[in-house]
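J.: Pulled from TrEMBL, these are the listed features:
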BINDING   GLU96, ASP113, LEU115, ASP116, ASP240  Mg(2+) binding site
REGION    1-25  region 'Disordered'
Amino acid sequence: MRVHETLTRGSRRTGAVAPSDQDGPEDLAELERARSVAVEAVEEAGQLLLARVTGSLGVRTKSATGDIVTDLDLAAERIIVDRIRAAFPRHRIVAEESGLLDAADDSWVWLVDPLDGTNNVAIGLSNYVVGVALCRDGLPVLGVVHDPVRGESWSAIGGHGTRGPGGTVRPGYRMAEHPVLAWAQGYEVGRDNEAARALRVVLESSSRRVLQLWAPLLAWVMLARGDIDGFVGYRAEAIDFPAGSLIAREAGISVCGFDGEPFDERIDLGHDRSFVAGHPEAIPGLLELVRSAEGITIAGLPR
């Protein structure tokens, strides 16, 4: 079962109000405990990845759209799942490779991406991270991302800011005539998708660089740090949202749909959703780029 199909099942959440808005001291204490567990888990998994990433990899294709899995994904996932299960045995877990690991309390759901950037690792690129999110009633309340190469971790609790290696993360804003943007699209988006092709052409013609990192969680962290100016996602994978987008939002980044409305981050809505993200002052310009791509027909390009 695909991850987005797993997430679509059984959520009881009917609104988009962040649970953290109503959390009391006991809830915050529990989320801080969850953060500690998650950070320790992703850092242990990161140590394993860093030690074995240059060795022989068992690579297998897991979908017709080019998605792959390696032995490293599975080993890192085991570490994270075991730590979470030991600390929170009643919580449900949805892992990138193992799928749904059910439990008694489905109001708390952990999302585990043990190796975001598997395709990079498979060809020898060192752009990869480990990500974990905890959702309450379908909405992310905790996000953790670890970069094994840099040896750095970032985390956020809803309503309580983003924490990075140097403390609180809050990027400044600079008006960029030619911004640096990140781009992500879902595995289900075909190369002949006219909307995606038109959008890419518009973004590339209006920016200094469009980065397709093959590691969306890394793009979210770069946005939260202020390394890039914006992030555009077209029908991106559901598991790529919660940890990264929460870290970015809690650092002051705005995330909205292509219609300009606040992005609905409920995890049960599936993967067929698109977004723009950036500093609040950058959002109007990003939306204008998206709208300018509507109705454009790209002819003569290889499919």
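Each residue, glycine too, has its Cβ placed from N, Cα and C.
TrEMBL annotations: computationally assigned, not manually curated.
Keep in mind that this is a model prediction, so the values were computed, not measured.
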J.: Suppose the Mg(2+) site is GLU96, ASP113, LEU115, ASP116, ASP240. Which further residues of the same chain have a Cβ inside 8 angstroms of that site's Cβ centroid?
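T.: Here the non-site neighbours turn out to be VAL112, PRO114, GLY117, THR118, VAL129, VAL130, GLY131, ALA215, LEU217, ILE239.
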J.: To which of the binding-site residues GLU96, ASP113 does the lowest count of other Cβ atoms within 10 Å belong?
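T.: Sparsest of the binding-site residues GLU96, ASP113 by Cβ contacts within 10 Å: GLU96.
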J.: If you count Cβ atoms within 10 Å of each one, which of the binding-site residues ASP116, ASP240 comes out on top?
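T.: Checking each of ASP116, ASP240, the winner is ASP116.
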J.: Identify, in sequence order, the residues in the chain of LEU115 (Mg(2+) binding site) that are 6 or more apart from it along the sequence and have a CB within less than 8 Å of its CB; answer 'none' if there are none.
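T.: Residues satisfying the criterion: LEU49, THR70, LEU72, ASP73, ALA76, GLU77, GLU96, VAL121, TYR128, VAL130.
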J.: When DSSP states are folded down to helix, strand and coil, where does ASP240 (Mg(2+) binding site) land?
T.: helix
J.: Helix, strand or coil for GLU96 (Mg(2+) binding site)? Use DSSP.
T.: coil
